[in-house]
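Down below is the structure, laid out as structure tokens.
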Amino acid sequence: MSNMMKALVKAKAEPGIWMEEVPVPEIGPNDVLIKIRKTAICGTDVHIYNWDQWAQKTVPVPMVTGHEFVGTVADFGAAVTEYKVGQRVSGEGHIVCGHCRNCRAGRGHLCRNTLGVGVNRPGAFGEYLAIPQHNVVPIPDDVPDEIAAIFDPLGNAVHTALSFDLVGEDVLVTGAGPIGIMGALVAQCVGARKVVITDINPVRLALAKKLGVQHVVDASKEKLRDVMPVLGMTEGFDVGLEMSGAAPAFRDMIDTMNNGGKIAILGIAPTGFEIDWNKVIFKMLHLKGIYGREMFETWYKMIALVQGPLDVSGLITHRIGIDDFQEGFDAMRSGSSGKVVMDW
């Protein structure tokens, strides 16, 4: 094996991403070296491509980006005993410290010292990736590569959707991006009564409808208050999944929640915004922030879901070779694509 590989690198502190030759990652005794088969482009990768304020203060340059992947074990350190060369794997993109209070209590997703693959340390947009063995997740034979490549965002959706009991509940999802659509489909799979998704992007709403989300609402043309009676809803939504990061959507959600409703918040807002906290108080709402995936319960649950009733393959709208990476980033930056999967 050559000690050099091709990789997509954030090589300059300016918009863009570049294909370069970089050294193959070195592994320590507890690391696994993964030969990448497929990767997917995340919204985080778009932020890094655009070099927005968040990226400028977060990502050191140069950096191999990317954190949505599937591949096979190519090598491993002397202390690794659970994996074998050629085994299909994906992996958790949040590297946690293992020694803080939350890590020691089994709550690794709450680690204060988390490092992000492809953000704070070299990522998956390369021919090889090195991660700690603790972060490696074996992929069952009946899960296709392209589905395993999008487990990171699917995990975000599963973590958000399963934060509260959904059986028999009316669920509002604000934001029909890929993760929002995934969250709506998960809610339907686990027994929600009514599932409504809102957005103002007609392409994304059309994709949500095509994939089988029960009720699709264009918030620029319809008011939720007008839609609810048509669905037989008399009191409000029981559970909200906020996936948009958009102030108007979050305010609509608060307005239409039932008293005692529960909201899981994954969408990241570009800037701070106000909400009416009196409504939160007098409705006695429960708000829960979501970041990443629970380690590793979310992984177990989403693998079980895709082995069963959950089909998210229709969310992949672009399948391209890695040499056409610019086409993939252009599609993601347009805001009108589903998931983009790149073949290495």
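Yeah, the Cβs are placed from backbone N, Cα and C, and that goes for glycine too.
So that you can see what the record holds, here are the features copied from Swiss-Prot:
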type	residues	note
BINDING	Cys42, His67, Glu68	Zn(2+) 1 binding site
ACT_SITE	Thr44	active site, charge relay system
ACT_SITE	His47	active site, charge relay system
BINDING	Cys97, Cys100, Cys103, Cys111	Zn(2+) 2 binding site
BINDING	Ile179, Asp199, Arg204, Leu266, Gly267, Ile268, Ile290, Tyr291	NAD(+) binding site
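Features per Swiss-Prot, on structure.
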residue: Cys42; record: Zn(2+) 1 binding site; CB count, 10 Å: 25
residue: Thr44; record: active site, charge relay system; CB count, 10 Å: 24
residue: His47; record: active site, charge relay system; CB count, 10 Å: 19
residue: His67; record: Zn(2+) 1 binding site; CB count, 10 Å: 25
residue: Cys97; record: Zn(2+) 2 binding site; CB count, 10 Å: 14
residue: Asp199; record: NAD(+) binding site; CB count, 10 Å: 26
residue: Arg204; record: NAD(+) binding site; CB count, 10 Å: 22
residue: Gly267; record: NAD(+) binding site; CB count, 10 Å: 19
residue: Ile268; record: NAD(+) binding site; CB count, 10 Å: 13
residue: Tyr291; record: NAD(+) binding site; CB count, 10 Å: 14
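Neighbour list (Ile179 (NAD(+) binding site), Cβ cut-off 8 Å, at least 6 residues apart, same chain): Pro153, Asn156, Ala157, Thr160, Met243, Leu266. In three-state terms derived from DSSP, Glu68 (Zn(2+) 1 binding site) belongs to an extended strand segment.
In the structure shown, the C-beta of Leu266 has more C-beta neighbours within 10 angstroms than that of any other entry among the binding-site residues Cys100, Cys103, Cys111, Leu266, Ile290.
For the pair Cys97 (Zn(2+) 2 binding site) and Tyr291 (NAD(+) binding site), the C-alpha distance works out to 16 angstrom. Other C-beta atoms found within 10 angstroms of the C-beta of Glu68 (Zn(2+) 1 binding site) number 30, with every protein chain shown included.
According to DSSP, Tyr291 (NAD(+) binding site) sits in a coil region rather than a helix or strand. Report note: the Zn(2+) 2 site is defined by Cys97, Cys100, Cys103, Cys111, and the residues of the same chain whose CB lies within 8 Å of the CB centroid of those residues, excluding them, are Val96, Gly98, His99, Arg101, Asn102, Arg104, Gly108, Arg112, Asn113, Thr114.
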